[in-house]
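Asker: OK, TrEMBL features for this one:
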type     : residues                                      : note
REGION   : 1-43                                          : region 'Disordered'
COMPBIAS : 15-27                                         : compositional bias 'Basic and acidic residues'
BINDING  : Arg99, Arg139, Phe188, Arg385, Tyr389, Arg396 : heme binding site
ACT_SITE : His102                                        : active site
ACT_SITE : Asn175                                        : active site
Amino acid sequence: MAKRPQPSPATVNTLREHAPGSGRHEGTVATGNGGETHQHIAHDSDHADAPAHLTTNHGVRISDNQNSLKAGRRGPTLLEDFVLREKIFHFDHERIPERIVHARGSGAHGVFECTDPIAELTSAAILSEKGATCPVFVRFSTVAGGAGSIDTPRDVRGFAVKFYTEQGNWDLVGNNIPVFFIQDAIKFPDLVHSVKMEADRGYPQAGSAHDTFWDFIGLMPEAMHMIMWAMSDRGIPRTLRNIEGFGVHTFRLVNDKGQSQFVKFHWKPVLGLESTTWDEAVKIAGADPDFHRRDLFEAIDSGNFPAWDLGVQVFDEEWAGQQPYDVLDATKLIPEEVLPVRVVGRMTLNRNVDNFFAETEQVAFLPTNVVPGIDFSNDPLLQGRLFSYMDTQKSRLGTTNFHQIPINAPKCPFHNMQRDGLMQTLVPKGRANYEPNSLAEAGEDGGPRECPETGFTSFQARDDSYAEDGKLRLRSETFADHYSQARLFYRSQTENEQAHIASALVFELSKVTLEHVRTRVLSRLRNIDEDLAKRVAAGLATELPAAAKPAVKPIDMDASPALSIQQQSMDTMEGRKVGLLYAEGSDKAMIEKLKKDIEAKGATVFTVAPKVGEIRLKGGTMKADGQLAGSPSVLFDAVVATMPMDAAEKLSKDAGAVQWFADAYVHCKTVAGCPGTQKHLFPKANVEPGEGVCLPEEFVSVGTKRHWAREPTVRMLA
Ligand code: HDE
């Protein structure tokens, strides 16, 4: 057999190609480009300005990170290659179980500041003093999809906040919808099984439009209120910066005299609420599956820190007893018009994570994390959550010591007699691992002691029902009204929002293949609103079945405009993103002026051109932020285009350019175009003159709000 030509040993390490910026020197063996790891291991470089040396996890310097150790030039790899084995071994175990729900999430650090103290209501220090601050970590999430799924499915968004207070961690683990699908924790596994991928086929991913979900929902009338929210535009938010957050359950505030009031927590986005249209959400999923994560990251990265006001609705038991629903029932909300929200503080997210896994993935929220001054109610859904979260962290993070992971550890001192366990990283000193002890009498450290004065004490809630009833498995009859608030929500929406709900129901039910499942859901809709039921039935081209028999006759509550996004919409450009399309020959000065004017209103501008590199314009050259095909208009809140006649004519032959305008128009966005685009692109894109269609010079005065009145002219809604 012919022998292969053998490189001389001296050339072995110079055969590799080195890309520019690889951090490696041509012709030398690897020195590594290390840098500090998240464990903050000190640089061990010989030169202050050189990168740290690459080492094994045990600190031994690595000479070659490109080649494994072989028996001979072309021989097998040796088992003794501990460098290779350690690297592959660690890699093999990089993944941990994803969250059973809320697997897909995005996190950020920030600060909370108390602006209107409520010391008379709670002894929680963070809410008792004007100007009191604490660091926070927030994780937003979708619920149904896996960790790698898209950001914009129709779904509930998790809104979990960890306050690192001086009295310990307080976790407010909420959602962007103030009510829940079920009333009792015992139904949660069934709910989640039904919405996740179907058990036999493993699809659909991150979507509720399938048989098993609607089968479960149809059989659970208590879900009807939350279904109205999920089918509304709340289920398809524009950005995470534009969602509200809710603690959902009724909690308790307890003051330093031991007096307690009930409370509901609210987060109000300073930038206001914004949603997408369904068609837009679907297209965003294709254009940028990380749309929400990227938006949050880029906003914080560029110093546009998103902020939310924390509000409370406070009430006592007597008031609660007078309401036409039970405040312990998580399928009910308290309309803001009935009990106003009092803003007590502001949270600002001002720092991105340094490492996604270490922080966003490993953060562990626990509704049981409360501080003195905050306590639980008897809401049976909340009571079940108090067990679940601690338990799930053990399964996800593998150890009872998950509280020692930096993102989870309190920032105030913590000490107790809990010891050992998998991955113990603390090194407690001394013998005092039990209490009481008298080791101090012998001059030893006796360890920490309980503190009746400042320690957490449970509010002594009196509930006579146990004495009367004893143990029983039942649902209180005060939880029996499943339709009044679903009706309240639907009737509080604008006509356009109602059409979105009806259309979403038609879409979702059209994906249901079991006829009886659709029929059952329709029979429930009749108890919410007859017109809604008729529209959905018409949209499905199906007969309207008899109404389901409600356990309690629904009542008509006063409409609550606060439940509608469109009625609260803020006409602001603050925090919005504008797509600015130009082409060869565009006027550079005009582009720059537009950019300046738009940015002066607090929006950001993303420039788009047919080619991303430097192209020739009138008055100079310019590089675009994105190429047209990779930057569809669904990524922007509004669009503006400026280019010469001939460039517009040329672009009008490109389907992507035509679609850019067509989508922006049917998604009811402001579409501003120069005479060239108006002449050549608008007609092809079916962009008609009217509200929200203007010249670039008029763009700033028209703004970035949606023009919903346009929608019935461009889409057949149910
Ligand atoms: Fe959760 N939920 N949940 N949930 N939940 C989890 O905990 C659970 C509920 C919420 O970003 C899990 O750490 C039960 C309501 C958010 O890390 C798990 C019940 C609300 C997050 C769990 C509920 C929420 C979770 C999965 C019914 C709004 C993401 C991973 C009794 C108030 C937190 C984890 C993050 C996560 C259980 C219902 C919000 C399995 C049993 C209601 C925002 O423990």
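Any Cβ shown, glycine's included, is placed from N, Cα and C.
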Asker: How big is the gap, in Å, between the Cα of Phe188 (heme binding site) and that of His102 (active site), rounded to a whole number?
Answerer: 13
Asker: Starting from the Cβ of Asn175 (active site), draw a 10 Å sphere and report how many other Cβ atoms land inside it.
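Answerer: I get 24 for this one.
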Asker: Cα of Arg139 (heme binding site) to Cα of Asn175 (active site): how many Å, rounded?
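Answerer: Just about 11 Å between their Cα atoms.
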Asker: Let me know the DSSP-derived helix, strand or coil state of His102 (active site), please.
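Answerer: DSSP assigns His102 (active site) to coil.
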Asker: Radius 10 Å, atoms counted are CB only; among the recorded positions His102, Arg396, which position scores highest?
Answerer: His102
Asker: Select one residue from Arg99, Arg139, Arg385: among these binding-site residues, choose the one with the most other Cβ atoms within 10 Å of its Cβ.
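Answerer: Answer by Cβ density within 10 Å: Arg139.
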